[in-house]
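Novice: The transit peptide annotation in Swiss-Prot covers 1-48, and the record cites sequence analysis as its basis. Here Swiss-Prot flags 49-54, 72-73, 94-97, 294, 501-503 as FAD binding site.
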């Protein structure tokens, strides 16, 4: 879930890559193509995992003329994008919204022609956090923050003086890449502890299920980390970066007719599943293989420049099948990849060097209340609950006002709420029973919104591994992924373990992996042609 505007904390995790040149349409029968000097359009690429990263990677590969097979062990595509329609209600059990903060998302939307299906939330700038047991409207800009009562006068003064009084990390060079500073330590150095407790803490809980003490600043907020490296002061650096960005955008407007990106968060008509379904329509039955579990990967390159160095073994309906490919894009969770059987030139290739990644559990509870039984309804996006508010009896991470944002998600006489419980704050509570969670959610909503009586509808969905935790040692995970890609030519990794947790970052990760695969295949083709 995302409640705070991402732009307030500038959490761009992506790196742009130059898009490869479009190629000819896909050729027909694979067995008929020239093995010595194939056009790239005859190459075959396997994509393992049909979450949003896998779908994006497969779409990018196919749009460049490649033969693609997308393997998914589950009976449905989309991963953690999952919309349910039931009893006149529409809700998402995974991500509820996304942003268009990455150019890869813009490219995908334009190619799919899906913009007419975008659904913008009503009053999305009205977002709340709990303070002293009650919801408080979150200021939408720095000036409003200084005028509000959300922070003490001391904290406001520290924010205003940050350009002059910010502190370096333990007196060391700020740009020391070995520093494993937490999100809490970083923001406390710049803005103080209250800023962390009542703004950063609920934000990271709402976007990643994490807590600021456990998250790595460099990996959770790399743009702000880099701003400090360049400018020292976060405020000064942010202002200078924005001014520079405006100049660049001004130049782009004069030289191109690019469509402006959607500002803020949005969903789709019918929920986030609409994005998944739209992408899936681009693939035939032979390309998108559901309930097909990949058992093993085998790399057989022996030094000669021949195609189809990869073999993918998969099982569907108790039938095991081996198929040859020229490259593989893997998008499964890294802990699952670690357990995958891989052979390299007929020898087992161990992935023991990949560290275990801690993943955070999350329960999603959907409730409805008759409007007459909600005495203090709030218009807007939702409310986040800081960890400190547990002392005031609040146990949830936050609640989205789903039918306030999107009125078509529920009948006109009820309010639909989406509440989140668990994360690193309370892993055990995430695993509680539906009845227990119903009582917890009802209690929090009664305190925050004045709900009365029992909800008229309850649905509970549990994600045992909702988010990977970008902890202080996350460098070791990224180095392991790089080693895997380096040691296994033609294998590329994508997903929310690499590049960011949001839907947009996951799409960008899939696109970038596809671009690397295309570059790899083009490079091999050029080498073959010179021989």
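Cβ from N, Cα, C; glycine included.
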Novice: Please work out the number of neighbouring Cβ atoms within 10 Å of the Cβ of residue 294 (FAD binding site), leaving out its own Cβ.
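Specialist: Taking all protein chains shown, residue 294 (FAD binding site) has 22 Cβ neighbours within 10 Å.
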Novice: For residue 49 (FAD binding site), which residues of its chain lie six or more apart in sequence with Cβ-Cβ distance below 8 Å?
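Specialist: Residues satisfying the criterion: 71, 72, 79, 330, 331, 332, 495.
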Novice: Across all protein chains in the structure, which of the binding-site residues 53, 96, 502 has the highest Cβ count within 10 Å?
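Specialist: Of the binding-site residues 53, 96, 502, the most buried by Cβ count within 10 Å is 53.
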Novice: With every protein chain in view, how many other Cβ atoms are within 10 Å of the Cβ of residue 51 (FAD binding site)?
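Specialist: For residue 51 (FAD binding site), the count of other Cβ atoms within 10 Å is 25.
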Novice: 72, 94: which of these binding-site residues has the sparsest Cβ neighbourhood within 10 Å?
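Specialist: Sparsest of the binding-site residues 72, 94 by Cβ contacts within 10 Å: 94.
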Novice: Using DSSP and collapsing to three states, where does residue 51 (FAD binding site) fall: helix, strand or coil?
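Specialist: Where residue 51 (FAD binding site) sits, the three-state DSSP reduction gives strand.
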